[in-house]
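What TrEMBL records for this protein:
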type     : residues  : note
TRANSMEM : B:15-34   : transmembrane segment
TRANSMEM : B:39-58   : transmembrane segment
TRANSMEM : B:64-85   : transmembrane segment
TRANSMEM : B:97-120  : transmembrane segment
TRANSMEM : B:140-158 : transmembrane segment
TRANSMEM : B:179-197 : transmembrane segment
TRANSMEM : B:203-220 : transmembrane segment
TRANSMEM : B:227-248 : transmembrane segment
TRANSMEM : B:254-270 : transmembrane segment
Amino acid sequence: MSNPIVEMKDVSYTYENKHALDHINFTIQKQAFIGLVGPNGGGKTTLIKLLLGINKLQSGSIHLFGEPIHKFKQWNKIGFVSQKANAFNRGFPATVQEVVSMGLTPKVGYLKFFTKAHKQKIEEAVEQVGMSEYLHENIGDLSGGQQQRVFIARALVSNPALLILDEPTVGVDAENVKKFYDLLHHLNEKQQITLLLVTHDIGTMTHHATDIVCLNKALHFHGNPTEFTRLSEHDLSHFYGHPLNVVTHNH
Amino acid sequence: MIADFFEYEFLQNTLYTGLLIGLIGPLLGTFIVVRRLSLIADALSHVTLAGIAFGLFLEKKYMVTFITPFYAGMGFSVIGSVFVERLRRVYKAYQELAIPIILSGGVGLSVVFISLADGFNTDLYSYLFGSVSAVSRNDFFSILVIAIIVITVLLLFYKELFMLSFDEEHAVVSGIHAKRIHFLFIVLTALVIAASIRIVGVLLVSALMTLPVAASIRIAKGFKQSILFSVIFGEISVIIGLVAGYYFEIPPGGTIVLTSVLILIITILYKRLKLTRLKRKAIA
């Protein structure tokens, strides 16, 4: 097996007196599609913040693309679509092209301007998510599902090898959720982008992910969806800390 | 009437300075409006008033001429911008609190300096509402330097400022130095306010930075077009406002702002008309 893209060893994290993560060990292999599930307050967002370098590591170690996180510089290899991405100011006058261009801003660097090659990349990213016809439309005029695609294009424009999505389907209707997962499959299978998707929708994830990771402060499960669906309700309720009944569906 | 603006030097100074602030006010104002910081401009303009009052006080009581009210106003405005930033960090959950604190502090200081200088005088009146005759050649050159600084910094940091304005969290995650860029932005705001006060006055300066933008974002597609329309509306307001102010012998601050309001109403009506037509088409 090749070197993992992400390797967490014995990672714990505490907010003042509140324990958020407890001795987490887990790896993400290239081209995996990981569904990260768990109850609210279970440490999912903390784990992502650690991976993105927003929260500083307190104990244990994290390696990204083989490098220790404190030495890691190639942040453009990691794309991120935040839970709050679609909570932006809808009256903001920005076209799809302008929004996606933000994904290249850190890569281009300070005191430098976008070139024709950058503009080409932006158009390609917009095309990847099937939004070319809306390139010059204001993002506030698009539907929730379309906006989510634009934010994925913003994350994709810097050619990330790993794409992290934090509850990206909140507020998106069922039809667009299906289209959204189709897009993720395309990115994962055709473009070999590794995906880490945080979600509450366990039922959907069992249909789409290659791996399920269940986190509630400690790592309770890491395996394939078939193994996950074989878990008893008792086990799941124990992981979640409250009674749980999983209904599987594909959208 | 317009010919006078090319004939007399004092009117030339006013016109050229007006065109400069018609450019930099809405240019920076576009970022201010989309970042929902419109009231910060108001707070800083009141701090600028305190600086102007301080300058007038020094001039009147101690014959100090090297710190003119214009430079004192600019200095107070920049210091005020630093305080706004500090306060926004202290009150993270109530960031808007910085505005009334700085605004009332500015007015309080102004009252003290005005009283120490033995009351209101004509000069201060022109600082409050603007004037067509108050801009000297030196003022014009100072404002030209400010305009060059503002335009250069905005061009160089455009993409970072745009990113911060749209989604601060994403910008920070992407490694943008949000605090430094925001500090730079707020200092630029202070400079533009100080530069604009000679023409539009303390009480109306924030209107020049927000009204053209409010009109522009109704009809523009995208951020760059919003900036372009804001600047065009700003320049139209300044030109019409200055000429009308001169003709009717009233402070140009009022006529500039009223022209901006008129443009705003026209754009709102235009947008409404456009939407109604689209709806009718869709039904047909």
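Using N, Cα and C of the backbone, Cβ positions are placed for all residues, glycine too.
Source: prediction; values computed, not measured.
Remote same-chain residues near the transmembrane segment (B:97-120) are listed as 39-40, 42-44, 46-50, 52-54, 56-57, 60-61, 76, 80, 83-84, 87-88, 91 (criterion: CB distance under 8 Å, separation of at least six residues from the stretch ends). Residues of the same chain lying 6 or more positions beyond the ends of the transmembrane segment (B:203-220) and with a Cβ under 8 Å from any Cβ of it are 21-22, 25-26, 28-30, 32-34, 38-39, 41-42, 45, 48, 128-130, 192-193, 196-197, 226-231, 233-234, 237-238, 253-254, 256-257, 260-261, 263-264, 266-268, 270-271. A Cβ distance under 8 Å defines the sequence-distant neighbours of the transmembrane segment (B:39-58), meaning residues of its chain 6+ beyond its ends; these are 29, 32, 64, 67-77, 79-81, 84, 96, 98-100, 102-103, 105-110, 113-114, 116-117, 121, 123-124, 127-128, 186, 189-190, 193-194, 197, 202-203, 205-206, 209-210. Cβ atoms under 8 Å from those of the transmembrane segment (B:227-248) belong to residues 1-2, 4-5, 11, 14-15, 18-19, 21-23, 25-27, 29-30, 130, 132, 199, 208, 211-213, 215-216, 219-220, 254-260, 263 of the same chain, restricted to positions at least 6 beyond its ends.
Outside the transmembrane segment (B:140-158), and at least 6 residues removed from its termini, the chain residues within Cβ reach (under 8 Å) are 13, 16-17, 20-21, 23-24, 27-28, 70-71, 181, 184, 188, 191-192, 194-195, 198. Sequence-distant contacts of the transmembrane segment (B:64-85) (same chain, at least 6 residues past either end, Cβ-Cβ under 8 Å): 40, 43-45, 47-56, 58, 98-99, 102, 105-106, 109, 123, 127, 139, 142, 182-183, 186-187, 189-191, 193-195, 197-198.
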